Ligand SMILES: Nc1ncnc2c1ncn2[C@@H]1O[C@H](COP(=O)(O)OP(=O)(O)O)[C@@H](O)[C@H]1O
Ligand SMILES: [Ca+2]
């Protein structure tokens with residue numbers, strides 16, 4: 001036997017079986033790698049959408065992103081970035097509209113940096129205004145038009161695809177908040193029981209939920225129907241204009257100051273709190289302007305008494321429970337079907353209850369009230385000392401706002417001690433803020449299809465598994481057939 005032959009036989013790498021095995025293994029690895037990678041792009045690419053939420057108290061800019069490669073934009077959209085516009089809401093610029101436009105520039109510049117340049121021109125940009133502009137439009141429609149013109153001019157200077165600025169109806173605000181919450185929770189795609197949405201702003205508040213077996217025809221103006229991912233939803237929604245927490249505070253103060261100038265001892269403010277306030281500022285809103293007393297010209301002393309129970313009595317006076325022409329009502333003669341399912345309460349519901357440390361869903365309603373009563377009774381100077389980081393305007397109002405929230409939920413919407421535990425106070429769901437903006441964009445970009453998308457015949461993992469098993473079977477069959485056809489394969493090589 002030649003030395004070469006001897007070497008070949010000593011080196012197992014040179015046997016035909018080993019060579020075939022190695023080639024086979026490489027082929028299998030290659031096949032499985034292709035199967036794993038075949039529907040994964042090398043670099044994840046995104047599309048973007050921008051929504052400006054022009055609220056009564058301030059404006060916020062949201063950027064959403066979603067995978068670009070999915071058909072018809074059906075990939076999951078989520079919040080990428082939020083920018084809080086400095087200063088007050090756009091409705092506060094009624095006398096200086098150009099400044100309303102200018103106020104948006106800083107956040108818009110930021111948006112330019114956040115969205116990749118090559119996507120700018122295809123990125124839709126929307127501005128939706130809520131109750132602050134609804135009130136301004138009622139009070140002075142030419143001032144509200146001027147604010148919109150200025151805002152439009154400012155937004156059109158940026159390289160995005162500007163889609164318009166408008167006032168949302170209360171129904172839209174409520175319904176899109178509900179869409180956002182349920183989209184982010186993946187409830188719509190999976191056809192699960194939905195979560196109701198409670199949104200509290202400064203100038204209006206919304207309640208939206210699906211109540212099974214309720215007759216929409218009882219109050220058609222409160223119903224919105226959707227077909228989403230192949231499921232039909234009959235949504236009940238109502239927006240109470242003037243029932244945001246800032247306007248309710250005006251109403252409560254108007255009620256307490258109706259006997260004219262002087263000092264009021266307000267149970268909704270802490271003992272020791274004292275501020276000189278202007279009547280003209282208090283009544284500068286359509287929510288209270290008709291209540292302005294004749295002799296209300298100058299200022300009044302706003303002092304605190306810090307009594308939760310009495311504060312609840314004051315707050316209750318802003319609701320009208322007497323007339324209801326439907327089978328059931330919440331307040332002010334507004335139809336409301338029976339409450340059903342879990343609820344997510346966001347925006348000012350969350351800010352207030354989070355500050356008061358009352359967001360724990362397991363805390364019974366009676367404990368919430370007790371804690372709130374203790375908080376309201378705490379002297380103002382102690383509160384200021386305990387929270388040096390919180391702006392005084394917010395700090396002064398948490399007792400009032402907490403009391404309003406509890407009164408609105410229980411006396412207003414009829415949550416009971418039991419059903420109160422169905423309310424979750426939330427800020428974000430999976431990194432995206434709860435609010436109407438995402439739902440608004442999803443609707444306008446047709447990102448939620450009416451029908452369920454055709455799912456692929458096999459999920460990706462199943463596809464990879466089948467490829468791997470088939471490759472292994474083929475390989476084993478191949479080896480077996482070689483042994484069968486070619487007898488030399490039947491003997492294991494041996495060294496002579
Ligand atoms: N950190 C905070 N603490 C308390 N309240 C807050 C905080 N941040 C925002 N708010 C309040 O949340 C409300 C937001 O309302 P907004 O969206 O501007 O009005 P609307 O939705 O009625 O147009 C305002 O009353 C604002 O003062
Ligand atoms: Ca709002």
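For all residues, glycine too, the Cβ spot is worked out from N, Cα and C.
Whatever TrEMBL says is automated annotation, not expert-curated.
What you are looking at is a predicted structure, and each value in this text was computed from that prediction instead of being measured.
Positions annotated as active site, proton acceptor by TrEMBL: 173. Cβ contacts within 10 Å of residue 173 (active site, proton acceptor), excluding its own Cβ and spanning all protein chains shown: 29.
Of all Cβ atoms in the protein chains displayed, 29 besides its own lie within 10 Å of the Cβ of residue 203 (ATP binding site). Feature annotation from TrEMBL assigns ATP binding site to 202, 203, 204, 205, 206.
Taken from TrEMBL, the feature transmembrane segment applies to 12-37 (among others).
Among the features that TrEMBL reports, transmembrane segment is placed at 461-482 (among others).
Apart from 202, 203, 204, 205, 206, the ATP site neighbourhood in this chain, defined by C-beta within 8 angstroms of the site C-beta centre, holds 56, 130, 131, 199, 200, 201, 239, 240, 241, 243, 244, 245, 247. Candidate recorded positions: 173, 203, 205, 206. Those with a Cβ under 6 Å from ligand 1, in sequence order, are 203. Most buried of the binding-site residues 204, 205, 206, judged by other Cβ atoms within 10 Å, is 205. Proximity to residue 173 (active site, proton acceptor), defined by a C-alpha to C-alpha distance within 10 angstroms, is shown by the following binding-site residues from 202, 203, 205, 206: 205, 206.
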